[in-house]
């Protein structure tokens, strides 16, 4: 963790040093003692360190033990042997792959869809508020409820809505045996991803719509007067303006989708190659009771996340540089 | 939808109304036609996205036999039996304890988050400590680490202290889960309080409490509400912690929901009723505060 905070403080320092040197704007308020200023911060920081950072330290310790909870007498110090298994474990390797593919594809697709919808909603038309509400609804379903809805009411091969619609289309064309695929077992990854894209597109849309609505209209008008077509306006004015909103959507989406557990657990129980890292660690610890191994897996995931998150934080820091100029 | 466009655009101009002093130029009319097409496309896409939700609500009011037909029965008669069964008329297991637990965990942790986040945000925005950016990024960095990596120690701790299956453990964990985001959000909301007003108040001799109550609170109130709403939603939705750390007495609604499906017989209407009912608090809160939701979820970066 110290590695992480050191990296972030460097980032933040870069951000801070880019400000113009000069007296702090709050000099008059700055006279109160520094401890009086820090005091309100301490409860939150201490709370977070104890509840979120301390467990990682314990995880690190447990990861050096060979420890299966079903056989407590066998617990012994095992050095780095758990780590050796992490890198040879096929299951974990496939979980890493699944996590990367899922996160990237879900974030990318929901960003693009969210952008298209945001562009649609950025025009005035009758009932725009209602349409926006319709779009937000998927994001507001409880994730487990959404996953159950997709599993039982939509994907179900016998009476799910998807195959029901196929039957209807088939009847329309006079076919008596329309295709009735078993969506979850024939395309498990796509099925999980689709349900998550459906949930996260509204989130991306909301952020991008806010970005579009903050775009100054005079530049667009000027470009239009100068004869720029809608595509050119989008390419050279709108897209650059949206950059930081796209980055923000990517970052926040990734934070939550990397950690997704509910959809994988509910839709496929991690079967058919859909087990991502959170699910596979959960399974190693909760079902296989391999405490030492689960902890080693967790530590590896943790280190990988720290590396990725350091880059991500650099992005946020650039996002907030303008805003923090006070 | 796009097939309508050429027709609209190439339609012969209707005879102009002589009472209009400024007749619309053809380009404006074309733009109006575009807007209609645009609106129809948006409506179509919106309804398409909403279809699964609508289907869930409709199915929840169907009987089990009507829910399990292929092709789907749209005009089947409506019944509340799905909801009755959800409330335990069939299995005898009432969802009320789970709903109450969820409410306790969500509301309790949200209050605790505010209690911790508001002073912290004050120290980051109104009277910023030195290096407040570093502190802010420390908060966000804790949010990026996978919760699952700390799950086992928390489980062992709970097991050894007898806190397993105790709803107050979830209150603590949900507080830590939402605190970083809440600090970021609250800081951006408090940063909107103009410095000049605070200085003026200080010169006029207003004490800390008066300043907080009369100046900071009114400006920050909508932001506090938005923060609370988002913390509530995330706590209400959480399942991994709840699943591992509760068993019987302290299960929350999402856990109840996953255990609700037995896989025997027809259960589609029940599942839809359960999913609808458990999502209802979040849906209601979210719809009521759509705009604040955006500002909050973007950590205040998007105004």
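Including glycine, each Cβ sits where the backbone N, Cα and C put it.
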Q. Which of these ranges is annotated transmembrane segment in TrEMBL: B:81-102, B:103-124?
A. B:103-124
Q.
Is the transmembrane segment (B:37-58) in contact with the transmembrane segment (B:241-260), using at least 3 Cβ pairs under 8 Å (sequence separation of 6 or more) as the test?
A. no
Q | the transmembrane segment (B:267-289) in contact with the transmembrane segment (B:37-58), cutoff 8 A, at least 3 CB pairs, sep 6+ | A | yes
**Q.** Interface-richest range of B:37-58, B:136-155, B:167-186, B:215-235 toward the transmembrane segment (B:103-124), CB pairs under 8 Å
**A.** B:167-186
(Q) Using Cβ atoms and a strict cutoff of less than 8 Å, what residues sit near the transmembrane segment (B:167-186) while being 6 or more residues removed from its termini? (A) 101, 104-106, 108-110, 112-114, 116-118, 120-121, 124-125, 136, 139-140, 142-143, 147, 154, 158, 220, 223-224, 226-227, 230-231, 234-235, 238, 241-242, 245-246, 249-250, 252, 296, 299-300
